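According to TrEMBL, the domain 'ABC transmembrane type-2' annotation covers A:42-262. The transmembrane segment feature in TrEMBL is assigned to A:44-62, A:74-98, A:119-144, A:156-177, A:184-203, A:235-256.
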Amino acid sequence: MSVSGITTAPGGLSPMPGAAPRRRILLSQALHEIRTTLRNGEQLLLTLVIPLLLLVGLSHLPTDLVGHSPSIDAVAPGVLALAVMSTAFTGQAIATGFERRYGVLKLLGATPLGRSGLVVAKTLGVLAVEVVQILLVAVVAFVLGWQPVGSAPSAVLLLVLGTAAFSALGLLLAGLLRAEATLAVANGVYLLLLAVGGVVIPADRLPAGVASVVSLLPSSALGQGLRDVLLHGQVFPLGPVVILLVWALVAGTITVRTFRWS
Amino acid sequence: MARAEVAVEITDLAVSYGSTHALGGLSFEVPAGQITALLGPNGAGKTTTIEVCEGYLSPDSGSVRVWGLDPVRDCAALRPRVGVMLQDGGIYSSIRAVPMLRHLASFYANPLDVDDLVARLGLGGVRATYRRMSGGEKQRLALACAVVGRPDLVFLDEPSAGMDPQTRLAAWDLVEQLRADGVTVVLTTHLIDEAERLADQVVIIDHGRLVTSGPTGELVGGGGVLSFTASEGLDLVPLRTRLPAGAVVLEGPPGHYRVEGEVGPQVLSAVGSWADALGVSPRDISTGRRSLEDVFLDLTGRELRS
């Protein structure tokens, strides 16, 4: 496993510049991002423990409270949305915010990885962690009796668009605020959206005035879109897809313009 | 003989942060294969200068060429060739030394042997994560990160800040070995002894402008100093007539005299006969080379350590 160079006389430090193949660099950084996330206790709490606890807890709620029988069918799509939000938004924002503060983004930007490579690797890392989350949530949900319906490609499209929108928002925070502020805001927004953002609890169960606003949020669009597909069997959830796309494009554009690397 | 290769060429470089002019018309060259020290007090513009060379900042005017390339436009070509040590940080807070170096090494085609590099810098016994390392350990790891990809040019921003004397020697040894193996090194420092010990060429900057630059030996070797103390306000005119051409005498703080120039027997005998004629006996006589600090003071009238 050792990355060994060829040491040549006299001091063994003679220049031999050259970048590794692009694919190897991106893979190396993506694996590093994944390892860092999966080894971090607070991140695991956020990305796996809370979603799984909610999945188990909410699936045992009475069906009249959830509005569907069996409860697990209504709860599982929302928990998938929460998993995406926790990794792409909260986890990525906090990690990137501190990397920026400690100069890591700055230094890596000067290596062959470069800034664009770093963004690509972070995205690959987020997607890989999401695959682990989705598999675990799905397995537990199946054990609890989940019977999803609907179009798998539509569900995947929603998950990808949700990742894009929440990644852009997470990086927007990380590139703009101080690391401590990013930590506070990313956690606070996570809790707020979990409670009233239409993720697990559908927006239409909130008071009417609130509901119309909440249903335009990416959290509600992702949660409701996944419920439309996996619970109600809708083929293509146009509304949620458009909302997520707009969030991704708008937040992405602002992030690209405002992101500070150091 | 061909003109010596130039690693970095800076021409009329100007950089502002808002209304603050960090650099105003700086020009100098970094010869390939040498150690060049950017010396100056805090806030002189040293970090700004190398951050332009590293492609982090774009010049407001003027130009910077690194190996003949534009650091911003040609960053993809330069990144594998240029090693960077930031003034502070750049390393994951919860990572240990060896995993950090192995990770960076994976970006390069022919990286240095990580175990060897760790041993050279005395980081082999360091088990702490970056966050818990001492200042000197952090600096040595950052130095290792800058060189692990086998660059032909490294920029080191205050490399020995926070190091104790022993680890500073280990870092200096590594920098000298880099030069011996053909790597071009540009470092910033406000430490005169570091510049004198390491640098082939010194570039002194202050207030974002070039004060002077040249081979270290020429800057410091352009004469010696003879200093002594005696009673205040002695008449220096008779001494000036006795001194050889090119030697200058002045009274600094009252009672402290300095003769600058080629300090040899002629100067010593001139001082002796002058003192004898006045009936005074000079005390604390010492001779030495002009230091970079003297050079800086002469040119700016300011203390270097500010």
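Keep in mind that glycine also has a Cβ here, set from the backbone N, Cα and C atoms.
For the transmembrane segment (A:119-144), the partner stretch with the highest count of Cβ pairs under 8 angstroms, out of A:74-98, A:156-177, A:184-203, is A:74-98. Listed as Cβ neighbours of the transmembrane segment (A:156-177) (distance under 8 Å, sequence separation of 6 or more from its ends, same chain) are residues 80-81, 84-85, 88-94, 96-97, 100, 119, 122-123, 126-127, 130, 134, 185-186, 218, 221-222, 225-226, 229, 237, 240-241, 244-245, 247-248, 251-252, 254-255, 258-261. Proximity of distant same-chain residues to the transmembrane segment (A:74-98), defined by a Cβ-Cβ separation under 8 Å and at least 6 residues beyond the stretch ends, is recorded for 36-37, 40, 43, 46-47, 50-52, 54-55, 58-59, 61, 66-68, 105, 122, 126, 129-130, 133-134, 137-138, 141, 146, 148, 159, 162-163, 166-167, 169-171, 173-175, 177-179, 182-183, 185-187, 189-190, 193-194, 199-202, 219, 222-223, 226-227, 229-231.
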